[in-house]
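Visitor: Sending over a structure as structure tokens; questions will come in a sec.
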Amino acid sequence: MIIKPRVRGFICVTAHPAGCEANVKKQIDYVTAEGPIANGPKRVLVIGASTGYGLAARITAAFGCGADTLGVFFERPGEEGKPGTSGWYNSAAFHKFAEQKGLYAKSINGDAFSDEIKRLTIEAIKQDLGQVDQVIYSLASPRRTHPKTGEVFNSTLKPIGHEVKFRGLDTDKEVIKEAVLQPATQEEIDNTVAVMGGEDWQMWIDALLEAGVLAEGAQTTAFTYLGEKITHDIYWNGSIGAAKKDLDQKVLAIRDSLSAHGGGDARVSVLKAVVTQASSAIPMMPLYLSLLFKVMKEKGTHEGCIEQVYSLYKDSLCGSAPHMDQDGRLRADYKELDPEVQNQVQQLWDQVTNDNIYQLTDFTGYKTEFLNLFGFAIDGVDYEADVNPAVKIPNLIQG
């Protein structure tokens, strides 16, 4: 079939297998060109491995550190007449290139919050790898079924304590709009923490430790975003921020248990704002990102997922002098938080109107990166060609 982008709101409901493969190849080429990372992990579990930062971590571990990787994700395969999800095609491409390089790659498709997927993962590690020495936690999900109680929690994106008026960019109509978000109830905050907080990360590490599949000295990290004051009301000081602060709490107990296990470590890693399927759903993010791209590209400091994660590995996860803040988090977002960058973004924020969107922001760059997520608008891909949407992932365990 010929596959074209079909965008509905902040999601593209189609994905292109050849485009997704080209996108993965581009990230692999970047890592290969940057060169091998010393003291890297050799057996890595990536939870949330199919898109965004999780995919970038899997690529960096494999092609930067020469690691065998086991990836966990929840994606839908394509079938005749219906494309699969971009994460499915990304993972199929990753497997293909890892295999060509002689690297072990196995994936598990299912709900990472469930006990069943944890069990299947532990079995796969025991059978193939023995143990893993690094666990990347990069799940982005709007809901979670609690594995012990069966209760379903939904996350909410709202401020806490007061309503927030904010400017946003309607990406469909391409207009600036003012909007108001009502504050979250306590139940909404608690539910968001249940979905996006640190409980599941801790459950994973506890299960892996108990099963004896974490190597002594193993490290784990979960990815987070902090941002600056422009986004704080909605993000860091809102319901999602409450979940991110829960990560900061939970990491302490995880760090203690790994430290006692042969001197291992657990850290929260703070990464910059990028276009992902998760970030495009946050009301003010498209405008913020369009402005941030404009300013950072002019300064020559613009980075996407792969550049961020490669530097996180090289400098902090594997380096001898990690970028660490006073709260013990690893930081890769310092170029975004450069006061000069933030001041320029803030100034432009107040000046943007419907008439000057394309002059004051890099909305064009934002739109291109958004389409890239789904395998579209990528140079060198023939979008008029007939492609088969049914792509198999070799070495896949279906949960």
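For all residues, glycine too, the Cβ spot is worked out from N, Cα and C.
When I checked Swiss-Prot for this same protein, it listed these features:
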type	residues	note
BINDING	48-53, 74-75, 111-112, 139-140, Lys244, 274-276	NAD(+) binding site
SITE	Glu75	site 'Plays an important role in discriminating NADH against NADPH'
BINDING	Tyr225	substrate binding site
ACT_SITE	Tyr235	active site, proton donor
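Surface or core, plus neighbours and distances: that's what I need for these features.
Guide: When Cβ atoms from all protein chains are considered, those within 10 Å of Ser50 (NAD(+) binding site) total 27, not counting its own. Annotation note: Ser50 (NAD(+) binding site) sits in a coil segment as assigned by DSSP.
Within 10 Å of the Cβ of Glu75 (site 'Plays an important role in discriminating NADH against NADPH') there are 22 other Cβ atoms, across all protein chains.
Long-range Cβ proximity for Tyr225 (substrate binding site), meaning a same-chain Cβ under 8 A and a gap of 6 or more residues, is found for Tyr235, Lys244, Val270, Leu271, Lys272, Ala273, Ser279, Asp333.
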Visitor: Within its own chain, what residues at least 6 apart in sequence put their Cβ under 8 Å from the Cβ of Val275 (NAD(+) binding site), listed in sequence order?
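Guide: Same-chain residues close to Val275 (NAD(+) binding site) (Cβ under 8 Å, separated by 6 or more) are Leu289, Gly304, Tyr366, Glu369, Phe370, Asn372, Leu373.
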Visitor: Select the most exposed residue of Phe74, Tyr235, where exposure means the fewest other Cβ atoms within 10 Å, treating these as the recorded positions.
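Guide: Checked Phe74, Tyr235; of these recorded positions, fewest Cβ neighbours within 10 Å: Phe74.
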Visitor: Helix, strand or coil for Asp111 (NAD(+) binding site)? Use DSSP.
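Guide: For Asp111 (NAD(+) binding site) - judged by DSSP and reduced to three states - the answer is coil.
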Visitor: How big is the gap, in Å, between the Cα of Asp111 (NAD(+) binding site) and that of Glu75 (site 'Plays an important role in discriminating NADH against NADPH'), rounded to a whole number?
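Guide: Here the two Cα atoms are 9 Å apart.
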Visitor: Using a Cβ-Cβ cut-off under 8 angstroms and a sequence gap of six or more, which residues of the chain neighbour Gly52 (NAD(+) binding site)?
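Guide: Looking at Cβ-Cβ distances below 8 Å from Gly52 (NAD(+) binding site), excluding near sequence neighbours, one finds Ser138, Ala140, Val274, Thr276, Gln277, Ala278, Cys305, Leu373.
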